[in-house]
Amino acid sequence: MSMTPREIVSELDAHIIGQNEAKRAVAIALRNRWRRMQLPEDLRQEVTPKNILMIGPTGVGKTEIARRLAKLANAPFIKVEATKFTEVGYVGKEVDSIIKDLTDVAVKLVKSQAVEKNRMRAQDAAEDRILDVLLPPAKDQWGNVQESDNSSTRQVFRKKLREGQLDDKEIEIDVAAQVSVEIMTPPGMEEMTSQLQSLFEGMSPNKTKKRKMKIKDALKVMVDEEAAKLVNPEELKQQAIEAVEQHGIVFIDEIDKICKKGEHSGGDVSREGVQRDLLPIIEGSTVNTKHGMVKTDHILFICSGAFQVARPSDLLPELQGRLPIRVELKSLTKEDFERILTEPNASLTLQYRELMKTEGVEIEFTKDGISKIAESAFRVNEKTENIGARRLHTVLERLMDGISFDASERSGEKIVIDEKYVQAALNDVVENEDLSRFIL
């Protein structure tokens, strides 16, 4: 991650409106990962990540920041829901599985990078295999391959292959047969399932089977096969574990749902027990995964929650201490809604315009129309539950319902969505609180 904090914020701005404080905190945390790697080895071990707690109502951009961060980080990244885990000793997923899943993500990431690195060599080897099918080498009477005298013909075919002239020609090739072993186990035993699957798949011999396919498809399959041959699995595991330990990022959503609310007591195994299990992982411990032992000392944890019923102070004091950076995300205003409808790279209005364009219908959202949509969503949020920007999805879906249904019969038309159109479509539902509670 060599992007500067300003570049990271700029990238997030293209998809998320407002919440500059949260963007800055995340950008600094990401950049600090890179800064730490530039330090001398002895000092590097002493610099631990400053974990983040994002606090804000639902629908203001907490999860979206995580999604965009995953694409930007180019590092092992996993997003989990705190409510999915149970305390050790109960049926359900244990907190350790976060690190196990993160390591699986890292193995896939490192493998894809290694395959990409070897793609040129793999491409040449795959082309040779296809040319061997198209131009079988001559053999002598004892079955030995003779020195080829058709090198010029082979070069002509290689040129055609690279130019795509042979793409639609069908050939029969030998491809590795994928051995698939399905094992059914009770919930909470996913680790045992994956170990048994690996065991049985490792015991089966490497078989090939003949398949007939177009050359362009065969080339993709063969490039992947050849690239996989050039990769050392043991080396990959070591690189993946190092990537997790030095660059891993864990995003834990809905952390407020595992808070102990007030003086509540009882056998709720998904609350305080889960917090206690999270403590050693966030503080730094060693987790045993199927790829090897992983130290969590330098993994960055970003936690988020709405904290509408519970408060951050309801978290265990030790856990609060391990989340030193607090960021509060603001509730969205009508002006924010207007910007969300128009400014992001893939804004909602753009999505609907492009969807209807596939049917030959042109949609135009006027400025006053967008303002009215934003106002309607904001009013419904005020009168009923405030679900933030997610309300725009329900309002727009209601608004576009008729157009979406009739679009295939209205090809060639231009539909202007202005203030009057929005008022006619939404006014009854927005004004009637009972209707808006159930429909919007």
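A Cβ is built for glycine as well, from the same backbone N, Cα and C atoms used for every other residue.
Owing to the predicted nature of the structure, the values given are computational and were not obtained by experimental measurement.
Sequence-distant neighbours of E318 (ATP binding site) (same chain, six or more apart, CB under 8 Å from its CB) are L279, listed in sequence order. What Swiss-Prot lists as ATP binding site is I17, G59, V60, G61, K62, T63, E64, D253, E318, R390.
Cβ packing within 10 Å was compared across the binding-site residues I17, V60, and the lowest neighbour count falls to I17. Cβ crowding, taken as the number of other Cβ atoms within 10 Å, peaks at K62 among the binding-site residues K62, E64. Comment: ATP site residues I17, G59, V60, G61, K62, T63, E64, D253, E318, R390; largest CA to CA distance 34 Å, whole number.
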